[in-house]
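Worksheet for the structure shown next.
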């Protein structure tokens, strides 16, 4: 359990993900529990506009490249909604994690070598703020970028080709799907009703994606930073002329809290990350197949989703490797201490930290695989291999 110290408040520049918490409060994932109805309303809207029509009513096309695109889109959106729902169910663990991070930051910035710890956390928060702002801008413009190409192509066809051909005009859809009996591919009014309703659903998806990716990235990054703080305190302690028991006890407690935070991060992230890595293999495979056979306006939509998926998967892998490295760095810092020169009482505290360091620390995907850069490389290779198999199989049909 964490016991947040109220005697010392964190300065505003060291607050734990304040912007993301405000975004979560707006959608109902933070703040008063009753506000969860906002999340349920947004979740229901996205499900009824995107997921349900694809799953129940179908893609609405007999071309395999369109079917591949529709399935890839369903995989991407379905994974997003399921992962967001899983995160919403982990609210208690997330609240405990926020309290734990606040306690660690308070201890680090109010104890020995507080200036060094303050500088480390300040640099980290500045980097996090830059990432969050950039990703927010990307997600804000994403729905427009997703709809505008197909809308512009459809209007161009309608105003230039209407009345000049015997066959019905086919409109370009942002996503391949049917929509509750409306003739969204051939009827001008139905098409615009669908695009307008879909635009709001795409904003819901963008908001979910912003919260999901930012929260998971920041949680893992903060967990890495807690181990960096512990290693920093240990190395600064070795520079002192005398190691005191009180300072060592404080470091041991800091290490315990850091390990507890990483355990909570693993508890929150392991299912969404497993879902992301398993579904991205099929998503990338189908995306590569579609891109290899189509160069048109829909390519913009496909690449928007592809780059989002690629960034997310690589980010998890990179941050997972970084977390493991920082946790191991604590062990290296302890081994560098002249522990054999210290009293038996102090060596007992060293032993406590070494026992904790020997436990594997990192992020897993549903406890089946470790999320690290090597995992990302394996996913890329598997996706490309499945794409080649799919392409070869279709050429033989």
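Glycine residues also receive a Cβ, built from the backbone N, Cα and C atoms like all the rest.
If you check TrEMBL, you get these features:
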TRANSMEM  39-60  transmembrane segment
TRANSMEM  66-88  transmembrane segment
TRANSMEM  135-156  transmembrane segment
TRANSMEM  189-210  transmembrane segment
TRANSMEM  297-319  transmembrane segment
TRANSMEM  368-389  transmembrane segment
State the residues, same chain only, that lie 6 or more residues beyond the ends of the transmembrane segment (66-88) and have a CB under 8 A from a CB inside it; answer 'none' if no residue qualifies.
29, 36, 39, 43, 46-47, 50-51, 54-55, 59, 94, 175-177, 205, 208-209, 211-212, 215-216, 268, 271-272, 275-276, 279-280, 282-283, 286-287, 289-290, 298, 302, 305, 308-309
Going along the chain, which residues at least six beyond the ends of the transmembrane segment (189-210) come within the CB cut-off of under 8 Å?
23, 27, 42-43, 45-46, 49-50, 77, 80-81, 84, 135-136, 139-140, 142-143, 146-147, 150-151, 154, 171, 173-175, 179, 182-183, 308
So which residues does the transmembrane segment (135-156) touch in its own chain, when a touch means Cβ under 8 Å and the partner is 6 or more beyond its ends?
171-174, 191, 195, 198-199, 202-203, 205-207, 209-210, 213-214, 297-298, 300-301, 304, 308
